[in-house]
Amino acid sequence: MKKYNRIFVIVLDSLGIGAMPDSERFGDTDVDTFGHILERMQTLDIPNLTRLGMLNLHCGGQMQPAAEPIGRFTRLAEASNGKDTMTGHWEMMGIKTEKPFKTFTEHGFPPELIAELEKQCGKKVIGNKSASGTEIIEELGEEEIKNGSMIVYTSADSVLQICGNEETFDLQNLYRCCEIARKITLKDEWRVGRVIARPYVGKKKGEFVRTSNRHDYALKPTGLTALNALKDSGLDVISVGKINDIFCGEGITEAFRSKSSVHGMEQTIDICEKDFTGLCFVNLVDFDALWGHRRNVTGYGEEIEKFDKNLGILMEKLRDDDLLILTADHGNDPTYKGTDHTREYVPFIAYSKSMKGGGAIEEEATFAVIGATITDNFGVKMPEGTIGHSILEEL
């Protein structure tokens, strides 16, 4: 018989809690997203994360851990070879990525790829380099509007991103070009993890702002995941934020797109008030997209505080047979050099009103304990070829 009727997994995108032993292999030394935010800001107003045990797990600044935490907590290492969104989320649901996705950070995309993209989209490509999304629209937005061209850029992640001004490029046309790019980059030598539409508005430099109409075109997971197993067993698998994009809709029964992380939490609170049996899987991207990549410590800290307020509302509404899991998919230390993700441990914090006391549980060597624990709870077998083991008995 299942222990929990509904499980809520909330991914605080990029909220890492310290460098993994192999982080230097990924170009990351002494990284610690949450720890360094606490160090810089000294205090954060996070009463709900505190009582769940976040500061017992990882403390810093002038903060104090809870005397009697109500959550069960540990840190998870990443077994996969990567530090990106897809690799992290796929691993949570049982897929270990051995071979990292193709990146084009150093020299941009090959001329052959760009030529094919220009031919099929009917637009000249400008940019074609690794850049911050906000900086590249400042640099090239006016040129794109004037000449009807198309800004293409990448990052240290395995992504091809296309910017389009909603007023002159047209949103549907931007999505069409991204669908073309997705097909082109299915070739092995150009195989990127995600193609992302990055729409923006504004007429001139200094006025350009990205909108919430972003859309991700991800590769399908390389195998079946815990999500497929849950859906195939007749359970609800509700996604909030970019989860549906990350899994290419695989294993999802209902999807909600979010305009922001605050909106994502509001959607989750609404879902909590409805009846369902299964999983609600949530990604809150603003920690990463707005603050981590932009190396904005204060913005990141304030985003955590905003999350904490809504976390308190959600916790009140949880039923006795609900389980809440908080985690992250990688790090993105806003105090570190560059603009890219950082290879870090992630938190695992579990809470239910029916739990008999909180405290530390054993550290785990993979994010995949999350998917394995969820399927175990519902008496569902994980698909062949997946990794991970259940820690349901510890919750």
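Heads up, the Cβ atoms here are built off N, Cα and C, so glycines get one too.
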Worksheet entry | Among His263, His341 - the residue Swiss-Prot places in the same Mn(2+) 2 site as Asp288, His293 | His341
Worksheet, complete the sentence: In three-state DSSP terms, Asp288 (Mn(2+) 2 binding site) is classed as helix
Worksheet entry | Packing count at His341 (Mn(2+) 2 binding site) (other Cβ atoms within 10 Å of its Cβ) | 31
